[in-house]
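Colleague: Sharing a structure here in structure tokens format.
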Amino acid sequence: MAVLLKLGVLCSGQGARALSLRSRAVRPAFVSAFLQDQPTPGWRGTQHIHLSPSHQSGSKAASLHWTSERVVSVLLLGLIPAGYLNPCSVVDYSLAAALTLHSHWGIGQVVTDYVHGDALQKATKAGLLAVSALTFAGLCYFNYHDVGICRAVAMLWKL
């Protein structure tokens, strides 16, 4: 009977909220991060989790960069089938630009994450910019003087 009484208290409006939001055993960590207005009574030494630095959270340039990365990724999802269904020079040059941008931004993030030191990181990013420019120039040269990206991939598939 005592168990049913305690279960009834826990399942009431206040008891269920207390069980689900206040108990560290039940509450997942990601919920804890967003419940920062009232600390849990009886718990000391809890830290507030900040998901992003406050000085970068309002940056319009970072938001536009993130959005443009997603636009290029979605554009690639449409260009690849378009290159298969309708291989033409417009799709070839669009693929050259989108693939170069996508790989440049992706490798740039790897450089940012894993290359340490300001001078080394700047030199690596300068090298990446040079390689990306040469890649785009090479793909455009290939599109202009040869069969193009779409037809070249189709020829490879026929092998």
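Glycine is no exception: its Cβ is also placed from the backbone N, Cα and C atoms.
Per Swiss-Prot, the feature transit peptide maps to 1-56. Annotation source Swiss-Prot lists topological domain 'Mitochondrial matrix' at 57-63, 112-120, citing similarity to another entry. If you look up Swiss-Prot, you'll see 64-85, 91-111, 121-142 marked as transmembrane segment. Under the heading topological domain 'Mitochondrial intermembrane', Swiss-Prot lists 86-90, 143-159, citing similarity to another entry as support. According to Swiss-Prot, the heme b binding site annotation covers His102. According to Swiss-Prot, the ubiquinone binding site annotation covers Tyr114, on the basis of similarity to another entry.
Could you give the neighbours, burial and distances for every feature on this list?
Modeller: In the three-state DSSP classification, His102 (heme b binding site) falls within a helix. The number of other CB atoms found within 10 A of the CB of His102 (heme b binding site), across every protein chain shown, is 15.
Residues of the same chain that lie 6+ residues outside the topological domain 'Mitochondrial matrix' (112-120) never bring a C-beta to less than 8 angstroms of a C-beta in it.
For the recorded site, Tyr114 (ubiquinone binding site), the DSSP three-state label reads helix.
With a cut-off of 8 Å between Cβ atoms, the residues of this chain six or more beyond the topological domain 'Mitochondrial intermembrane' (143-159) that come close are 83-84, 87-89, 91-93, 95-96.
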Colleague: Other than its close neighbours in sequence, what residues sit by the transmembrane segment (64-85), given a CB gap under 8 Å and a spacing of at least six beyond its ends?
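Modeller: Same-chain contacts beyond the ends: 91-92, 94-95, 98-99, 101-102, 105, 149-150, 153-154.
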Colleague: Over the topological domain 'Mitochondrial matrix' (112-120), what does the predicted model average in pLDDT?
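Modeller: Averaged over the topological domain 'Mitochondrial matrix' (112-120), the predicted model reaches a pLDDT of 95.
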Colleague: Measuring Cα to Cα, tell me the gap between His102 (heme b binding site) and Tyr114 (ubiquinone binding site) in whole angstrom.
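Modeller: Here the two Cα atoms are 19 Å apart.
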